[in-house]
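Okay, structure first, notes after.
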Amino acid sequence: MAQDVLTDLNKVRNIGIMAHIDAGKTTTTERILFYTGVNHKIGETHDGASTTDWMEQEKERGITITSAAVTSFWNGNQINIIDTPGHVDFTVEVERSLRVLDGAVAVFDGKEGVEPQSETVWRQADKYEVPRICFVNKMDKLGADFYFTVDTIINRLGAKPLVIQLPIGAENDFVGVVDLLEMRALVWPGDSKGDVTMGAKYEVQEIPADLLEKAQEYRAALVEAAAEASEELMEKYLEGEELTVAELKAGIRKLTIASEIYPVLCGSAFKNRGVQPMLDAVVDFLPSPLDVPPMIGHDPRNEETEMTRKPSTDEPFSALAFKVATHPFFGQLVFIRVYSGQIASGTQVINSTKGKKERIGKLFQMHANKENPVEEALAGHIYAAIGLKDTTTGDTLADITNPIVLESMSFPEPVISVAIEPKTKGDQEKLSTAIQKLSAEDPTFRVNLDEDTGQTIIAGMGELHLDILVDRMRREFRVEANVGKPQVAYRETIRRKVEKHDYTHKKQTGGSGQFAKIQIAIEPFTSEEGVLYEFENKVTGGRVPREYIPSVDQGIQSALTDGVLAGYPVVGIKATLLDGAYHDVDSSEMAFKIAGRMAFKEAARKADPVLLEPLMEVEVRTPEEYMGDVIGDLNSRRGQMQSMEDASGVKVIRSLVPLSGMFGYIGDLRSKTQGRAVYSMQFDSYAEVPKAVSDEIIQKARGE
């Protein structure tokens with residue numbers, strides 16, 4: 001049975017489940033696994049027993065950190081699900097899972113509507129053009145309002161929702177949904193307490209009389225929207241003919257795959273209502289690997305040559321590694337999405353990103369943290385592979401005789417760091433193992449050595465991110481270490497162009513000396529793609545031999561790691577090599593590298609250097625009576641108010657606040673609002689630090 005499904009890609013769906021931190025995403029995934037027969041006992045996040053949350057910290061904190069890939073079957077279709085974390089510190093996990101998905105289910109909290117993190121994840125899905133259906137969850141919750149949530153999809157996301165279900169009853173009285181396609185009511189009858197037993201089937205009933213008019217109105221809108229999918233449907237619709245359910249589904253599917261509309265369903269995953277129709281919608285409306293455009297990549301031997309791979313087993317093998325995880329028995333597991341061709345376990349492939357040959361040891365289809373071994377990996381599917389030594393997130397694996405490099409993923413720079421000091425020499429060794437493994441798993445986790453203090457500095461996307469990384473070092477790698485206070489990842493840049501700056505590096509110490517002379521220009525530089533540095537060579541007439549030019553570039557880049565103001569990394573620089581001179585005997589790559597480094601340091605001092613700090617977009621939801629205190633407090637943290645609006649009985653305040661002002665904010669907010677306000681924050685951009693604050697940071701960094 002499973003094998004038949006695997007080869008017919010029309011019946012395969014690779015989907016993600018994406019949402020705000022508490023919209024009930026993991027519970028929804030759990031229910032899907034239950035209904036598709038994979039789990040016999042249901043796991044609840046709040047009991048710490050859910051299948052996809054399998055790391056110890058996830059179970060303790062009740063949040064999903066790593067996206068587990070799980071395979072399940074529904075009515076003869078195969079659904080591969082990636083559960084993505086909703087917490088903003090784990091953006092990298094969301095980014096990389098969206099990159100390999102074909103479609104997604106966006107889960108919203110029926111009371112809160114679109115929350116800040118739902119907005120972030122939605123924008124990421126837009127970036128990768130992932131078609132979505134929406135599931136308005138928690139319809140049994142006090143204050144749940146389906147129609148308000150649909151409005152927030154329009155107003156906050158600027159998206160075009162297409163309602164294909166209406167809720168029957170709300171809060172405690174929520175019993176089922178109206179299926180607008182078939183115009184019928186689906187009701188999950190409860191027991192004496194109103195609870196639905198796990199796996200209970202729904203009953204098909206007549207639409208309740210009080211909802212009939214509303215259902216007809218929404219169905220008319222649905223038919224009109226579906227008719228826009230093709231000229232034939234439009235013609236039929238305009239001539240007043242009835243469109244069949246199959247035609248409506250085909251129209252909605254076409255528009256969903258084109259990301260023109262987003263079908264909206266509703267339910268309560270926790271109360272087991274609405275999950276089966278949502279699975280039907282995944283199959284009906286989300287794309288199969290065959291509906292997605294062919295993958296584009298380039299020839300590893302020549303970046304200019306564009307190549308494509310269709311999702312077929314007849315094409316040469318190509319796959320993208322989108323996640324690395326450490327497994328207790330197998331060591332390193334690499335999750336791959338196979339885009340074309342097929343590969344048997346034990347075969348040699350090439351990591352075309354790094355130009356290294358790799359052997360695929362064993363292949364598995366994953367079930368959260370249970371493995372199901374398979375003999376071969378086929379196009380259109382997601383697998384975990386063991387035995388890959390040099391492959392990290394974003395690398396392409398390809399057929400040795402016909403390699404391709406697929407488009408990789410871009411990850412944000414970390415904004416916060418802590419110093420970590422191992423307690424003993426033995427811990428130092430364990431720490432380096434831990435760092436090596438964790439940075440292979442997580443591209444947003446960075447490590448560097450502070451040369452002045454000898455401390456190891458680890459950097460990440462937020463306090464929770466670093467907490468969990470440190471926690472994993474202690475638990476998984478048994479590292480005993482002292483961890484410093486979180487520090488802000490400041491940056492440095494320049495404001496002014498320096499037209500030309502000369503530097504000569506000369507050293508005479510008996511025998512051959514060192515000589516390099518260069519003239520450089522530096523200027524502020526910004527790029528759309530987030531590139532932080534650019535080097536241009538304008539030397540003519542061989543005044544600097546070609547083999548030394550990369551050394552100048554390397555020297556300048558080495559100077560960018562510690563800026564002239566306070567030793568922070570330098571960004572937003574364009575450097576141009578204008579002229580130079582060399583000596584036949586005394587010039588060397590080393591001499592030009594030193595010249596590049598020193599020339600940049602001197603030029604940067606003349607280029608009006610400034611400090612940059614990360615600004616966070618902070619959103620606070622507070623009852624009105626505390627609004628004044630909350631705003632006053634944000635202002636005292638150098639916050640800049642962006643907007644204020646009302647949402648379901650609370651005030652929503654949006655402000656841009658420097659990260660340095662946000663440490664420990666949660667405690668202060670709780671005490672100011674008696675624990676009634678909640679906030680979320682995410683990185684927005686880097687901005688110049690005001691002079692008074694900047695002077696203080698520089699003095700501290702220089703130890704004055």
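Glycine is no exception: its Cβ is also placed from the backbone N, Cα and C atoms.
The annotation domain 'tr-type G' is assigned in Swiss-Prot to 10-290. The annotation GTP binding site is assigned in Swiss-Prot to 19-26, 83-87, 137-140. Feature annotation from Swiss-Prot assigns region 'Disordered' to 293-313. Annotation comment: Swiss-Prot describes 298-313 as compositional bias 'Basic and acidic residues'.
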Tally of residues which DSSP labels helix, strand or coil - the region 'Disordered' (293-313): 0 helix, 13 strand, 8 coil
Determine the mean pLDDT over the domain 'tr-type G' (10-290), rounding to the nearest whole number. 79
Count of other CB atoms lying within 10 Å of the CB belonging to Met139 (GTP binding site): 28
